[in-house]
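Report on the structure given below.
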Amino acid sequence: MDFPQHSQHVLEQLNQQRQLGLLCDCTFVVDGVHFKAHKAVLAACSEYFKMLFVDQKDVVHLDISNAAGLGQVLEFMYTAKLSLSPENVDDVLAVATFLQMQDIITACHALKSLAEPATSPGGNAEALATEGGDKRAKEEKVATSTLSRLEQAGRSTPIGPSRDLKEERGGQAQSAASGAEQTEKADAPREPPPVELKPDPTSGMAAAEAEAALSESSEQEMEVEPARKGEEEQKEQEEQEEEGAGPAEVKEEGSQLENGEAPEENENEESAGTDSGQELGSEARGLRSGTYGDRTESKAYGSVIHKCEDCGKEFTHTGNFKRHIRIHTGEKPFSCRECSKAFSDPAACKAHEKTHSPLKPYGCEECGKSYRLISLLNLHKKRHSGEARYRCEDCGKLFTTSGNLKRHQLVHSGEKPYQCDYCGRSFSDPTSKMRHLETHDTDKEHKCPHCDKKFNQVGNLKAHLKIHIADGPLKCRECGKQFTTSGNLKRHLRIHSGEKPYVCIHCQRQFADPGALQRHVRIHTGEKPCQCVMCGKAFTQASSLIAHVRQHTGEKPYVCERCGKRFVQSSQLANHIRHHDNIRPHKCSVCSKAFVNVGDLSKHIIIHTGEKPYLCDKCGRGFNRVDNLRSHVKTVHQGKAGIKILEPEEGSEVSVVTVDDMVTLATEALAATAVTQLTVVPVGAAVTADETEVLKAEISKAVKQVQEEDPNTHILYACDSCGDKFLDANSLAQHVRIHTAQALVMFQTDADFYQQYGPGGTWPAGQVLQAGELVFRPRDGAEGQPALAETSPTAPECPPPAE
């Protein structure tokens with residue numbers, strides 16, 4: 001059973017998805033206008049896209065600079081309808097020839113032939129016979145015949161994505177034949193009448209005949225000499241790219257680029273286009289044979305295929321073919337004006353010249369910001385002149401294009417739409433993602449001549465080379481450090497200025513970098529967005545997840561070239577190399593011992609300060625090294641405990657409160673109360689968990705008094721016997737029971753009687769304190785043996801101590 005309308009229904013659904021932006025995996029950006037599409041549809045309709053997507057490039061620059069023509073071609077792909085007019089036929093033809101869509105090319109040529117001016121008012125054969133009139137008449141006849149055939153063939157309902165070429169012109173539709181008979185005055189061009197063309201897929205012969213006739217009559221060649229063309233195209237493309245109004249960019253949805261004012265960020269895609277996108281299979285159409293001179297002769301797009309006799313590759317663009325030939329001949333006609341290095345391609349030569357002096361000579365008089373191109377400066381000046389009409393609602397910043405505004409809004413939302421397919425790490429801009437992909441790609445062909453660092457993309461190498469430029473535009477004036485982007489330099493300058501513009505909404509702590517703020521906020525929210533797909537363990541940072549995943553896979557991609565040792569992270573390799581070179585820039589101010597990295601120095605300083613910042617969250621014991629804490633957790637708690645790292649806020653005062661201090665404070669606090677007697681019992685007697693709770697309550701009281709005197713005091717709880725410090729009273733109270741001679745503070749309040757245990761105390765002879773028993777005495781202080789209680793009184797509730 002056949003369903004003739006099924007293919008038409010599928011095409012309609014795809015068009016609706018395109019209009020709504022659903023399931024689109026490709027985006028064109030032309031003149032700031034975004035066109036979404038499906039790669040499968042593009043490849044089905046265009047030989048160019050079919051070959052292009054085989055290479056799977058994320059971003060490709062196309063020689064398409066008019067949004068109107070591209071919009072018409074996309075509309076044709078999804079609806080099989082094309083609105084042609086004398087005003088837009090050139091734009092549509094330019095796009096169609098570049099994308100190798102022969103049906104549209106044929107129709108555009110036919111329409112242009114009908115629109116050519118007549119040489120005489122009568123328009124008869126005799127007048128046409130003069131000055132090439134016979135040739136023009138023949139072309140007109142073929143074009144009219146072609147349009148008529150296509151119209152007749154299209155009267156049957158097309159099945160599948162057949163081409164409907166439709167020209168709408170406000171008035172009543174007329175046939176192509178009647179339009180061909182109309183004539184006008186000699187001084188006015190004769191325009192074609194409005195027609196509706198519906199070519200059937202079976203009308204290929206008519207299209208082929210028309211193509212052959214029209215290609216022979218082509219009077220205008222669409223190419224220039226490759227040397228001049230390459231340089232001019234490269235310059236024009238750069239200017240238009242960075243102004244946001246340049247050649248179309250074809251992008252996969254996962255790595256979409258907004259056009260706009262970030263030339264430093266987008267320079268790595270300037271040379272992304274390759275010849276491979278314009279190569280065709282041998283079955284595409286017949287080859288035109290001839291000598292080398294014939295094959296290099298400039299022809300219109302799609303009118304001839306050039307085949308390399310050495311390797312068999314085919315090209316429709318003469319300029320691409322000439323550049324390819326230089327691979328075999330070894331010819332390098334383009335040389336760098338600074339170092340005379342030779343190149344076979346003008347774009348590569350131009351990119352190389354930028355590495356010598358990527359300065360920005362065009363400066364803004366208003367704010368001093370500089371640009372490499374005058375066109376970018378003019379675009380920037382729109383901000384000051386009030387032409388920047390796109391305003392951010394969050395911070396009020398103005399932008400000249402909507403694309404720049406959208407990219408800026410990601411800063412406020414924290415959204416990172418560009419995700420790495422290998423490790424899941426997300427990025428707010430595609431350039432950062434592309435640079436991150438360097439860590440996964442082992443095939444790095446582009447090598448830095450200064451430091452031997454390698455890259456898999458020439459754009460990333462170009463960005464890296466800025467580091468080696470003496471007195472370059474991205475050099476910190478304070479410390480001389482070089483950066484690849486102005487954004488990185490701006491963040492670095494905050495280190496010297498002390499500026500911290502990013503504030504945590506939970507604790508008001510300030511940060512110089514938005515990424516640091518984002519990681520800090522996760523401490524409050526408990527968010528761990530980076531989850532391991534193998535074991536389910538979650539992490540707050542993507543870098544931690546990457547290192548963790550490599551533990552599963554055993555991957556150690558970073559190799560020391562000197563000893564062959566491999567590492568999970570690049571920072572580990574960098575530290576390892578410093579050991580080889582004996583570079584120890586971090587020196588201890590107390591003993592002058594030097595260390596390779598600042599982390600080792602921080603661990604060493606703890607020896608001098610006696611600090612134990614690594615705390616076991618199970619028992620509260622502190623350690624001066626994290627490896628000692630891990631060993632403790634493993635042996636004492638069988639691995640069922642966590643780790644706390646004590647990091648006091650900057651500028652806060654740290655007050656160490658010992659057990660002896662707490663006893664004194666508690667005694668002084670109770671001096672005015674009705675305390676009858678304090679009895680001291682050796683710890684050798686039974687000490688219960690209930691008594692420990694009593695101790696915690698009294699410690700809390702003492703801490704409360706300290707905090708009332710100075711609310712900003714940060715309190716650590718220290719053990720008198722071993723010096724261990726704890727974050728809270730509970731941890732200290734649990735720890736106290738480890739030492740046999742340690743004191744427990746217990747005292748009497750208005751309602752209950754408590755005791756203080758101490759090493760120097762005595763106990764009435766014959767009196768044994770059993771577990772769960774407390775000593776009660778009369779409030780009037782009457783002498784006698786203490787009475788025993790079956791249960792312990794409940795400890796008074798106190799506010800929790802500050803951590």
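Here the Cβ of each residue, glycine as well, is placed from N, Cα and C on the backbone.
Under the heading compositional bias 'Basic and acidic residues', Swiss-Prot lists 132-142.
The compositional bias 'Low complexity' annotation in Swiss-Prot covers 171-180 (among others).
Feature annotation from Swiss-Prot assigns compositional bias 'Low complexity' to 206-217 (among others).
Swiss-Prot lists 233-244 (among others) with the feature compositional bias 'Acidic residues'.
Residues or ranges marked as compositional bias 'Acidic residues' by Swiss-Prot: 261-272 (among others).
If you look up Swiss-Prot, you'll see 306-328 (among others) marked as zinc finger, on the strength of sequence analysis. Shown for the zinc finger (306-328): DSSP residue counts in helix, strand and coil, namely 11 helix, 4 strand, 8 coil.
What Swiss-Prot records for 334-356 (among others) is zinc finger, and it gives sequence analysis as the kind of evidence. Looking only at the zinc finger (334-356), the predicted model's pLDDT averages out at 71.
If you look up Swiss-Prot, you'll see 362-384 (among others) marked as zinc finger.
For the zinc finger (390-412), residue counts in helix, strand and coil come to 11 helix, 4 strand, 8 coil, using DSSP. Positions annotated as zinc finger by Swiss-Prot: 390-412 (among others).
Swiss-Prot lists 446-468 (among others) with the feature zinc finger, giving sequence analysis as the kind of evidence.
Annotation source Swiss-Prot lists zinc finger at 474-496 (among others), citing sequence analysis.
According to Swiss-Prot, the feature zinc finger maps to 502-524 (among others), an assignment based on sequence analysis. Through the fold, the zinc finger (502-524) approaches residues 411, 414, 491, 494-495, 540-541, 649 of its own chain, all at least 6 residues removed from its boundaries and within a Cβ separation under 8 Å.
Taken from Swiss-Prot, the feature zinc finger applies to 530-552 (among others).
The zinc finger annotation in Swiss-Prot covers 558-580 (among others) and is backed by sequence analysis. Non-local neighbours of the zinc finger (558-580) in the same chain are 439, 543, 546-547, 550-551, 596-597; each lies 6+ residues outside the stretch with a CB under 8 Å from one of its CB atoms.
Remote same-chain partners of the zinc finger (586-608), defined as residues 6 or more beyond its termini with a Cβ less than 8 Å from a stretch Cβ, comprise 575, 578-579, 624-625. Per Swiss-Prot, zinc finger is recorded for 586-608 (among others), and the stated evidence type is sequence analysis.
Among the features that Swiss-Prot reports, zinc finger is placed at 614-637 (among others).
Residue counts for the zinc finger (614-637) by DSSP state, with H, G and I taken as helix and E and B as strand, are 11 helix, 5 strand, 8 coil.
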